[in-house]
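J.: So Swiss-Prot lists the following for this protein:
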type: BINDING; residues: 12-13, 33-36, 59-60, 81-85, Thr100, 160-164, Asn190; note: NAD(+) binding site
type: BINDING; residues: Ser85, Thr134, Asn189, 199-200, 215-217, Arg224, Asn259, 293-297; note: substrate binding site
type: ACT_SITE; residues: Asp135; note: active site, proton donor
type: ACT_SITE; residues: Glu136; note: active site, proton acceptor
type: ACT_SITE; residues: Tyr160; note: active site, proton acceptor
Amino acid sequence: MRKILITGGAGFIGSALVRYIINETSDAVVVVDKLTYAGNLMSLAPVAQSERFAFEKVDICDRAELARVFTEHQPDCVMHLAAESHVDRSIDGPAAFIETNIVGTYTLLEAARAYWNALTEDKKSAFRFHHISTDEVYGDLHSTDDFFTETTPYAPSSPYSASKASSDHLVRAWLRTYGLPTLITNCSNNYGPYHFPEKLIPLMILNALAGKSLPVYGNGQQIRDWLYVEDHARALYCVATTGKVGETYNIGGHNERKNLDVVETICELLEELAPNKPHGVAHYRDLITFVADRPGHDLRYAIDASKIARELGWLPQETFESGMRKTVQWYLANESWWKQVQDGSYQGERLGLKG
């Protein structure tokens, strides 16, 4: 049985990973999360009673607390997901992204290195530090049919993606300089259950159900590759346990869609699954409203995920159609979860860009 320390484990992707490990493997999990607005213990409720689950409310920028967590829990692997991750908020307030994504990653690397150096030789060789990153570090695929590969040069275009690119470089440097056994994954856009409603898909679902406008940036022609979060969780565990030290693996869903098409798909599913519309709404798609585009908005992201398929045998199980149906059904069936999120600090806006 491995013990896996997961930073950001109360977040969207992190909680999906925790639920997967507890439900589908025999490994134990220690979640480290400072519970910012996007961290939600309700997302961990399905597994919180497991004897293989532990939770530490700790900021990854707190070196002393991290040292305590490593000493007390003695993990065999670190999976680092703690990050500020919303592009709009990074434009409005980049400082938190620099602090968490760069300084926090540095602090975690140093805590992990000190712990790793004190391990026995067999435990040192088995230890892994898996850093979870984004395809946004590669920049934009404007006017091409190319795909991001593991060797695509970095060209981040937002404060968020620049901070994640910085953290990727730190992780690689800690392997080359100190020998810390690291791996990196870069993923495409995730969606699915327990997604915080500042992001496109849950925001559109909940706005439509409330009869609110569905804001689409620019002309809605921006293209993203969509990855169902439970497919991503399987991929992350696969890389952490079977990936090769020093390697980078791109994880994508093979589902490129224009943003406008995504919103229209949501509207079509709601017509079928939630036919009792809010007062005054004839068709959900009538709520679509085009708004001023995001500054520096990348036109296209698309991932070539052939390496992880070829070398580790991972493939996504959900198509965009099956994953979107599951996602809409989950939000319709779990009103209590998203109502409690909305009752907190978040009030159904695209956070950031306050002018």
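Even glycines carry a Cβ here, placed using N, Cα and C.
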J.: Which of the recorded positions Lys34, Asp59, Ser85, Tyr160 has its Cα nearest to the Cα of Asn189 (substrate binding site)?
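T.: Answer for the nearest of the recorded positions: Ser85.
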J.: Among the recorded positions Asp59, Glu136, Asp293, whose Cβ has the fewest other Cβ atoms within 10 Å?
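T.: Least crowded of the recorded positions Asp59, Glu136, Asp293, by Cβ count within 10 Å, is Asp293.
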J.: Can you tell me whether DSSP puts Ser161 (NAD(+) binding site) in helix, strand or coil?
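T.: For Ser161 (NAD(+) binding site) - judged by DSSP and reduced to three states - the answer is helix.
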J.: Here's one to test understanding: among the recorded positions Ser85, Asp135, Ser161, whose C-alpha is closest in space to the C-alpha of His297 (substrate binding site)?
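T.: For His297 (substrate binding site), the closest Cα among Ser85, Asp135, Ser161 is found at Ser161.
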J.: May I ask you to report the DSSP-based helix, strand or coil state of Asn189 (substrate binding site)?
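T.: DSSP call for Asn189 (substrate binding site): strand.
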J.: Tell me the coarse DSSP state (helix, strand, coil) of Arg224 (substrate binding site).
T.: strand
J.: Could you check which of the recorded positions (Asp135, Glu136, Tyr160, Arg224) sits closest to Asp59 (NAD(+) binding site), going Cα to Cα?
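T.: Comparing Cα positions, the closest of these recorded positions turns out to be Tyr160.
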J.: Validating a neighbour-count step here. Other CB atoms within 10 A of the CB of Asp135 (active site, proton donor): how many?
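T.: There are 26 of them.
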J.: What does the structure give for the C-alpha distance between Arg224 (substrate binding site) and the residue listed as 'active site, proton donor'? Integer Å is fine.
T.: 10
J.: Please work out the number of neighbouring Cβ atoms within 10 Å of the Cβ of Tyr160 (active site, proton acceptor), leaving out its own Cβ.
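T.: If we count other Cβ atoms within 10 Å of Tyr160 (active site, proton acceptor), we arrive at 25.
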J.: How long is the line from the C-alpha of Glu136 (active site, proton acceptor) to the C-alpha of Val216 (substrate binding site), rounded to the nearest angstrom?
T.: 19
J.: Which of the recorded positions Tyr160, Leu200, Val216, Asp293, Pro295 has its Cα nearest to the Cα of Ser85 (NAD(+) binding site)?
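T.: Result for Ser85 (NAD(+) binding site): the nearest of the recorded positions is Tyr160.
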J.: Please state whether DSSP places Ser85 (NAD(+) binding site) in a helix, a strand or coil.
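T.: SS state of Ser85 (NAD(+) binding site) = coil.
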J.: Hey, which of the binding-site residues Lys34, His297 is the loneliest by Cβ count within 10 Å?
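T.: So among Lys34, His297, the binding-site residues given, the one with the fewest Cβ atoms within 10 Å is His297.
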